[in-house]
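Q: Pasting the feature list from Swiss-Prot:
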type	residues	note
REGION	1-26	region 'Disordered'
COILED	119-275	coiled coil
REGION	355-440	region 'Disordered'
COMPBIAS	386-403	compositional bias 'Low complexity'
COMPBIAS	404-422	compositional bias 'Polar residues'
REGION	454-478	region 'Disordered'
REGION	499-614	region 'Disordered'
COMPBIAS	583-593	compositional bias 'Polar residues'
REPEAT	743-772	repeat 'ANK 2'
REPEAT	776-805	repeat 'ANK 3'
REPEAT	842-871	repeat 'ANK 5'
REGION	872-897	region 'Disordered'
COMPBIAS	875-892	compositional bias 'Acidic residues'
REGION	1446-1482	region 'Disordered'
MOD_RES	Ser1524	phosphoserine
REGION	1617-1663	region 'Disordered'
COMPBIAS	1619-1628	compositional bias 'Polar residues'
COMPBIAS	1635-1644	compositional bias 'Polar residues'
Amino acid sequence: MATDGASCEPDLSRAPEDAAGATAEAAKKEFDVDTLSKSELRMLLSVMEGELEARDLVIEALRARRKEVFIQERYGRFNLNDPFLALQRDYEAGAGDKEKKPVCTNPLSILEAVMAHCRKMQERMSAQLAAAESRQKKLEMEKLQLQALEQEHKKLAARLEEERGKNKQVVLMLVKECKQLSGRVIEEAQKLKDVMAKLEEEKKKTNELEEELSAEKQRSTEMEAQMEKQLSEFDTEREQLRAKLNREEAHTTDLKEEIDKMKKMIEQLKKGGDSKPSLSLPRKTKDRRLVSISVGTEGTVTRSVACQTDLVTESADHVKKLPLTMPVKPSTGSPLASANAKGSVCTSAAMARPSIDRQPSHGDLIGVSVPAFPPSSANRIEENGPSTDSTPDPTSSTPLLSSNAAPPTAQTPGITPQNSQAPPMHSLHSPCANASLHPGLNPRIQAARFRFQGNANDPDQNGNTTQSPPSRDVSPTSRDNLVAKQLARNTVTQALSRFTGPQAGAPPRPGAPPTGDVGTHPSVGRTSVKTHGVARVDRGNPPPIPPKKPGLSQTPSPPHPQLKVIIDSSRASNTGAKGDNKTVASPPSSLPQGNRVINEENLPKSSSPQLPPKPSIDLTVAPAGCAVSALATSQVGAWPAATPGLNQPACSDSSLVIPTTIAFCSSINPVSASSCRPGASDSLLVTASGWSPSLTPLLMSGGPAPLAGRPTLLQQAAAQGNVTLLSMLLNEEGLDINYSCEDGHSALYSAAKNGHTDCVRLLLSAEAQVNAADTNGFTPLCAAAAQGHFECVELLIAYDANINHAAGGGQTPLYLACKNGNKECIKLLLEAGTDRCVKTTDGWTPVHAAVDTGNVDSLKLLMYHRVPAHGNSFSEEESESGVFDLDGEEESPEGKSKPVVTADLINHANREGWTAAHIAAAKGFKNCLEILCRHGGLEPERRDKCNRTVHDVATDDCKHLLENLNALKIPLRISVGEIEPSDYGSDDFECENTICSLNIRKQTSWDDFSKAVNQALTNHFQAISSDGWWSLEDVTCNNTTDSNIGLSARSIRSITLGNVPWSVGESFAQSPWDFMMKNKAEHITVLLSGPQEGCLSSVTYASMIPLQMMQNYLRLVEQYHNVIFHGPEGSLQDYIVHQLALCLKHRQMAAGFSCEIVRAEVDSGFSKKQLLDLFISNACLIPVKQSPVKKKIIIILENLEKSSLSELLRDFLAPLENRSTESPCTFQKGNGMSECYYFHENCFLMGTIAKACLQGSDLLVQQHFRWVQLRWDGEPMQGLLQRFLRRKVVNKFRGQVPPPCDPVCKIVDWALSVWRQLNSCLARLGTPEALLGPKYFLSCPVVPGHAQVTVKWMSKLWNGVITPRVQEAILSRASVKRQPGFGQTTAKRHPSQGQQAVVKAALSILLNKAVLHGCPLPRAELEQHTADFKGGSFPLSIVSSFNSCSKKKGESGAWRKVNTSPRRKSGRFSLPTWNKPDLSTEGIKNKTLSQLNCNRNASLSKQKSVENDVSLTLNLDQRLSLGSDDEADLVKELQSMCSSKSESDISKIADSRDDLRMFNSPGNNPVFSATVNNLRMPVSQKEVCPLSSHQTTECSNSKSKTELGVSRVKSFLPVPRSKVTQCSQNTKSSSSSSNTRQIEINNNSKEENWNLHKNEHLEKANK
């Protein structure tokens, strides 16, 4: 047993070990049970179950088989021989309580413990198995879901591939279509090019054809002239032969008469015997009836004299009178007339056969046929004054007078015996006097000539214009010559009479105009003809035959003959009518200018007057087909009758008839024919200065228009303003100046109606009836007032015209003037005291008439114009009282003055019951209705006969006006509280802005008033924060309550109505209208919440920074305690920080804390010790031993960019970031003692840096602060300037938003674009230190109507701020990589010539691209202000060479590196506006610690020297080279700026041809010289093109196609024309517009050169 027990003991000892190992193994497996797979879990389970079963079997076996061993083991050691064993056995057996432990180990207890442990393990295993099964089920489900997702994924992938395939096909199709379309575009472009080429060819062909056509016309004209000359020569020769025959016949007749007389004398002698008769040989001059005198200009001059005898012939045969021709010398006196060219003319007229006019040739002697007349019972003189042609002689080298003049001669009557019969007539020829006005004439004659000459370009009666050759007068020929006019008017008779006297002067000059012939006309049916000043006949008509012209009798002229005017009667048939043995002479209608005088006593009057147009003096009426000769000649004598052999009534007895017309006309205007019969002509030749083509409508008809009697002629002269004719007619005796025609129009009426003030004055002086009315009752004053002729009105009123005369319909002059809107006439009538209340038969008043036409000025005059007191002129009264304003300005005086008219007149109703207000409202004349509404007595509720009020008939606009009739217009203003005027650059922020005017009506309630205030504020906020120029009406459709800047009605702190506080929604007992009237509230002020209330709404409105961003900045300060605001200079950092500090202070005070703001201004001398003292003295840094303070401290550090951040703040970074006693920092005090300090939580630190970005060692500070960057191209700075300027415009326009086309909007948009483009260009240049914030542009002046003020302000800003900053930045930029010997400071003090040139180029480009571009001023005005901008002209063509090989490959982008040293900004260039004096504000301890030490002074002097160096003009004689690589980079950057398409285009500035020049540079010089010579491009060279952003000129480095080896390189630098340098003569400038394509010149190199040459010599020099 013992042996067995011993043998079994190891098994017992191993069993617990196995159990322990199994437990450890199970524990190990339990740890990883989650990661086992299903098969492993099954294996583990089976193993564990088998082990359990095995252990159970072992236990049972041990219990059954080894019982004895257990007993032996327990009790076998005890035997009776050992007392100690006995005692142990007794102890164990005798112990009754179970608490006694066995002496030895009990295996059963061990076994039971093992079994209990195994049971626990089994339970745990089963639990784990159940969990594993659940997880397995979950895993299976997830696998199923995964499979489903994978299937779905496969489907989606397939669909995606399918879609990709489809998209690929679509893309291919699109690419194919694009290629096709591009091909089509190219084809269309080619077609267009071909078509344009064809068009150019066609144009060239057309031009050639036009030139050939003009040449043909000229040749045909020459041939025609030659033909006419030949015809004239032929005619002349024929007439000369005929004249010779007539002379021979006359001589034969004289000889026969002498023979007969001698026979009679012999017979008488024989009969008389002793008595001797005293009869002497008769002379021809006794019997001479007609003498024709001709004075030629060249060669031999013949004088043709026609004589008539007393021969009485009973037969019907024609008796031919032989004229006498004698040679005469050319006149040594005036070329106008011979000294003895006097003559008397017979009064009898016979019929001459018709002939055809011919154009005479120059210098020919032309005889004029003169008919022979029987003696008549009365003496009669007819004379035509000679006139001359205006066509300059082509052979003459001297300029001719455009309107030449020749004086006519006056004759005394010749005494002739009577004949009872009129023998047939035959013709006699005499040459015309060739006359041209000599410069040395009498001034009176010249005055008459100036007055009477016609204007060749005045339109004729048919609306046509006759052309005359260009005037080349030696003497003045203006018809408006006042002296000549006055002399002509006052001395007509004297001037005319002087024409007949002998004129002393020089002989006729060569090249005078040719002479002209006058003759009868053929019978042609046309009634009008148009002739030209150039002598030529119409093609298609036969050339005219020279007319037959009577001569002049050689009888002396009376000194002052009586003035007579002829008036002929038109005849009904071709034949003349017999009566009283008197023959009426019917002149041919083809006669040229001349005069004809016939006594009109026995002639019937014609009822249809007709006057020629104004430019012509000729009153002769010519039928069509008869080209009136442009060579006007003198004609004297009887007019030939149409049919020979028929007697016509002779002229009535008249002892004295003198000429009345002098023709001074440069061209002959067409006039209507009186008849197509040869004899029935009614032309009148009178002295006339000019004729108006607007009258005598019968002229437009083409039928006969005979001229009637004297009164009708008087009317026509008055109607056409012919002062000279009118004065002559008024001098006649027995003329009825008050004669009225059929419609009752008198001469005064016609003159007043047509506005001829001089005629009105003449007629009134002649005592014409001033109140003579026509058939409708209209007086001359009515006609003048209706037509607006205020000068005539003034004259008529001065002559006591009836100003209140009512016509047939009751129309007064005032009514007619108002009806036609003639305000000057209205003013004159009102000042004369006319009655404003006179009514027409329809019940209309002048007020009705003015309103009916919608004429505001007339209505204002009627209502407000007061009659001036005696002795005071209207202008004085108007200047003193300012009664009325026709310009409609804002503060018009009629709003202050009282209307003159009564309420009865304003409310007077017409026949329909309509008042003036009814008419204005119905027609939509809102302005007139508004003026009527200003009258306190207006009754808008008055009803018409249809029971309608003014409101019922009004249009929508007028209804709105009537509804607001009694409304109070009270301005609504926004106030942001008080702003320190010069603190933090806020002096541009306005405290109050007027946003609109509220209309408060009687029926307005307080709810309506509250809604109106809210809506007005919302509209205003949205309008100023919108992107465009929206009007208030445009934003009302936007229902959002908040604007883009975050302001709304919730931002209101309080509202005051006048001085009474009011809140939205509050109601008073009185209505708003009564309340405003009672309290006399002149304005409504809305006060926005500000920092005092812990809000930032007022700050947002003042600065236009969005409210959300300001609140976010405040949150950052409260959260991080350490915040620094940085951005370009002028980004309002100081203002933002100050306002945030105020708001934070008031918030802390509202929470019960005391708070203090401490401001410190940092400069270059601000040390770390001063900063430490600042922190300690203000209890920001407190000793570790001291307890924290409850006081809040806000520290503001301004201008940190002036100091080194790393040096200044290095020791404070750690304690600022960790504010507790656990992270103290030791600082040494001034006494040398060191102590530990820490920053407490109640301290806030804010700083400002005027720098766009940090550089160098300052970046070490960045991670310890919260940084707020104010970028110029991001909010809030990007839109701040736009919103600010828009609000300024709205305030300037009293709350209204002007339209985008308004000049103010354009100039403001320009200022905004200048700021953006300037910063954009500076950013592209890589000079961030020169960027500008919007603060400098906030002071932009807004002056409506004065855009030049803004341009002047911009020039001051450019010169004072922008230019120095750009110069400093460019110089620092160009000297970054200088050698050590040429450091930055040295470069700044003494910049090289290349650097100066680059600076000037940069300034010029910036000025043209950023500033001047887009300026809305006209170019002329802009050029006046361009000189105010410094640096705008680039005086040198920078002609240095840059080689790519001179620059290392790795340095291509190195130029972009900026200067890392802090920029020391001087206060020299800051505007006075932005100075910040140290003014202590409320609740702020101003502890400015800035020190003006030597460093600042040194910086000032340094900056001053830099400016002086840069501003110096470079020595033009020096040769320049930009030697450094950085300068080359800068040049290329400037070049890319010029060629950039993203920036604004320089070429879009108004044609900058005068301002910008592009230069070529010769390539044979290593360095180009800039000389002072002024460039004057020859005319043959093409005009150089202005600098264009689209033009890039590329040069070749390998080949040069210019002849002398000159590379054609263009400069991209803008060079002003005035200061350009002389270029090589070999260089040529290409002409191009600013929009041309790129010019490629030997484009073998892709590198663009900016006036640079690749030259090895320069490279070596640069090295």
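Backbone N, Cα and C define each Cβ position, glycine as well.
Note that the structure is a prediction, hence the values are computed from the model and not measured.
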Q: List, by number or range, the same-chain residues at least 6 past the repeat 'ANK 5' (842-871) whose CB is under 8 A from its CB atoms?
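A: Sequence-distant neighbours of the repeat 'ANK 5' (842-871): 809-810, 812, 814-823, 826-827, 830-831, 833, 836, 877, 881, 883-886, 888, 893-894, 897, 899-901, 905-906, 908-911, 916-917, 919-920, 923, 925, 927-928, 931-932, 935.
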Q: Is the repeat 'ANK 2' (743-772) packed against any residues at least 6 beyond its ends, judged by a Cβ distance under 8 Å, and which are they?
A: 692, 694-695, 711, 714-723, 726-727, 730, 737, 778-781, 783-784, 787, 789, 791-792, 795-796, 799-802, 805
Q: What same-chain residues lie close to the repeat 'ANK 3' (776-805): Cβ under 8 Å, and 6 or more beyond its ends?
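A: Cβ under 8 Å, 6 or more out: 744, 746, 748-749, 751-757, 760-761, 764, 770, 811-814, 816-817, 819-820, 822, 824-825, 828-829, 832-835, 838.
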Q: Across the repeat 'ANK 3' (776-805), what are the DSSP residue counts per state (helix, strand, coil)?
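A: Helix/strand/coil tally for the repeat 'ANK 3' (776-805): 17 helix, 0 strand, 13 coil.
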Q: Under the DSSP assignment, what numbers of helix, strand and coil residues are found in the repeat 'ANK 5' (842-871)?
A: 16 helix, 0 strand, 14 coil
Q: By DSSP, how many residues in the repeat 'ANK 2' (743-772) are helix, how many strand, and how many coil?
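A: Reading the DSSP string over the repeat 'ANK 2' (743-772) gives 16 helix, 1 strand, 13 coil.
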